[in-house]
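Summarising the annotation, TrEMBL assigns ATP binding site to A:ALA44, A:GLY45, A:ALA46, A:GLY47, A:SER48, A:GLY49, A:LYS50, A:THR51. Residues annotated as domain 'UvrD-like helicase ATP-binding' in TrEMBL: A:23-300. Per TrEMBL, domain 'UvrD-like helicase C-terminal' is recorded for A:301-611.
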Amino acid sequence: MQFPDDPEAERAPSLVDTGALLRGLNPEQLAAVTLPAEPALILAGAGSGKTRVLTTRIAWLLQTGQVSPGGVMAVTFTNKAAKEMMTRLGAMLPVNVRGMWIGTFHGLCNRFLRAHWKQAGLSQTFQILDSGDSLSAVKRVIKAMNLDEERFVPKQVAWFIASCKEDGMRPGDVPVHDGQTQKMAEIYQAYQDQCEREGVVDFAELLLRTYELMRDDAMLREHYQRRFRHILVDEFQDTNRLQYLWLKMFAGPHTAVLAVGDDDQSIYAFRGAQVGNMSDFEREFRVKKVIKLERNYRSYGNILDAANALIAHNSRRLGKNLRTESGPGEPVRVQENASDFNEAQWVLEEAQQLHRGGMARHEIAILYRSNAQSRVIESALFNAGIPYRVYGGMRFFERAEIKHALAYLRLIENCHDDTSYLRVVNFPTRGIGARTLEQLQDAARQTGRSLWQSVGAVGGKGGANLAGFNALIDGMRNETQGLTLREIIEHMLHRSGLIDFYRTEKEGADRIENLEELVTAAEAFVTQEGFGKDAVALPVDELGPGSIAAPRSPDVPEAPAPVDLTPDAETGEIMSPLAAFLTHAALEAGDNQAQAGQDAIQLMTVHSAKGLEFDAVFITGLEEGLFPHENALSDADGLEEERRLMYVAITRARQRLYLSFSQTRMLHGQTRYNVKSRFLDELPESALKWLTPRTQGFGSGFARDYQAAWQRGSGLGSMVGAGRRNAGWQAPAEPPVPAAMKAAAAEAAGHGFKVGQSVFHAKFGEGVVVTLEGSGPDARAQVNFGRHGAKWLALSIAKLTPID
DNA sequence: TATAGTACATTTTTT
DNA sequence: ATGTACTATA
């Protein structure tokens, strides 16, 4: 699909020739790009050229001289989005993109706090905890407070603390209703004290600290509010409360905030995103101009018809309809499958056919609602020898061996980092057992000092080993003085014994490979950041007596990494390469699986597909209980978010869209009998093409499916085939099926058939009982005969033979 | 201290 | 079914 040129795209309020920049924008895009300098909201539909508008807007502001690079802030959620913005901007304009504040919320906060660490009450070398680090920190606090881990589940407490912070609450602000929350607030306080002591901050703290400093320091606030003439926020529908408050701090009376988002693509409520921020923004910032980008440049008409019809079932929308000028394209194909195994097989064959027809494998995506679904598909692809790539899973910097290596590096930087200390003090083992560590932690607790400082308090053999560990770290620190980052890491890997340890492990080869990869990553980081002989400090702003007028590198061809070499605002001091690398590792967890190179089919959850697009998309597992997920069905908001998720999935496809569901599916080691997703019923028939005959007996739509599912004893649309182990499901207060019908279903046991049972039919062959209804002469069964589809049979007439 | 066995949970995810 | 986290045992 091409972007047709717009001949009218030439008018800009400037003497500079901006024609090249604005050429090809449609009227709405042009209006968005050339908006006056005041708060505005852009409702950017999927595939409407949102990133292009954002980057062109910045380029246009710069080119027309309305703002200098230092006056622009652009915030994103992911490093990937930030990078892409910088790359595209760099391609549009020969500007030093590094002078601009383009980055993730967390990256920009880091930049801010590095410059103002003193005012923020942080240590100069503060390190950043990722979620795993912060969880183990919480665990230590709970232990130190002698609390019951059953009553205060570390995961939940960590979640509680993060949520408090994301609501802008300090321990003292927590509303206390009962003893439990009282205690939780106390844990929060203790956790906070511990972080303070260790010189570490968690992700939420980066934002909250920044917000508080801006709120409380009028000088600083006025400075930044004056500085940023333009703030652009990407994916605004994903902002949480704190991010919105944060934004309000940086936006001064003369700041033009441009919020870009799509309420229909809000799929992160579960992690605190507040779609309501969009309407709050419109009201509180007195937005005069709301621009809707509804023209879609990605997909053909049938795909958009499906998307529009589906999302129309949601209430509480800001309202938006996607349109295209590319024609209807091919119909959306729908496939019913007998089992998840068959579904995988079908997807695979269809994908192979597309590939043989000339479509690159990486242009084919297989999407699913939950990660567990990938397994069947993976094994099918694996057995067929088709290259594929799975997104998600362990990220590079989260791998155990990498975390171990980073812990050593962090101790070299800051030996009071107790989290890192505990992680590697006995890894590889050096005779320091649980007893010794217990004593060490007790001593540290009593004196309020770090573990490092408390080593002397432990006697005996354990104490000696602890002293040996401290000496090891000291030794590494001394020996790596003046070495390059690469040399530091290599030295540490050997000196710590990590390499030797993994050499003797049977599964160690991969881990050593990863550790080597760490060296490579550090090398790349150094090159990218411009460390080395002519390191260049970046200007933060013109604040303070010691501010630096930094020399600018004449040209920056490559996209810079999101971690900045931010100098201290007063002294101009910058971080050591090691410290900067550690920050980088915390803020950017790296790729999950760098199986780059090969042309492979892309497998991922619908969530991780957001923002991506493919020539062909398969949405699999469209079954009640799975998609929409059963856990989301308890309230209307949950269902609407599932529907938005489906909307996101549909709008990923450029040319071909396939929807599939399966009658049975292996989940948690048990077979579930599913009915097709209600979302399929919400799509317009005119846009669809059923590849399999529509199942008989399901003609009356969802209500019928629902009742059938109910009778089979499960919740909304699916049931567990054998056993009653998963007793978690609770019946809704008002069952939609009359009690008499349920009683009838119970009596039906007389005929001896069971759901899930294999049977043989003279004409249709082998099949599986999917549904049982009625009793006595009225007893009927829905049997799935695979190739012949599912049939409803009267048990008193049809001759069904059980197979075992 | 390492390994084997058991209990347990299992939507979605970025920083 | 499968992976993880924790406990019991050599």
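Each Cβ is built from the backbone N, Cα and C atoms, and glycine gets one as well.
Any TrEMBL annotation is an automated prediction that lacks curation.
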Practice problem: Starting from the Cβ of A:SER48 (ATP binding site), draw a 10 Å sphere and report how many other Cβ atoms land inside it. | Solution: 27
Practice problem: Determine the mean pLDDT over the domain 'UvrD-like helicase ATP-binding' (A:23-300), rounding to the nearest whole number. | Solution: 94
Quiz item: Whose Cβ lies within 8 Å of the mean position of the Cβ atoms of A:ALA44, A:GLY45, A:ALA46, A:GLY47, A:SER48, A:GLY49, A:LYS50, A:THR51, the ATP site, other than those residues?
Solution: A:VAL53, A:ASP262, A:LEU293, A:ASN296, A:TYR297, A:ARG298
Quiz item: Which residues does A:GLY45 (ATP binding site) neighbour through Cβ under 8 Å, counting only same-chain ones at least six apart?
Solution: A:ASP262, A:ASP264, A:LYS292, A:LEU293, A:GLU294, A:ASN296, A:LYS320, A:LEU322
Quiz prompt | A:ALA44 (ATP binding site) - helix vs strand vs coil (DSSP) | solution = strand
Quiz item: Ranking the binding-site residues A:ALA44, A:ALA46 by other Cβ atoms within 10 Å, which is at the bottom?
Solution: A:ALA46
Quiz item: Under DSSP, is A:LYS50 (ATP binding site) helix, strand or coil?
Solution: helix
Practice problem: Run through the Cβ atoms and count how many others sit within 10 Å of the one on A:GLY49 (ATP binding site). | Solution: 22
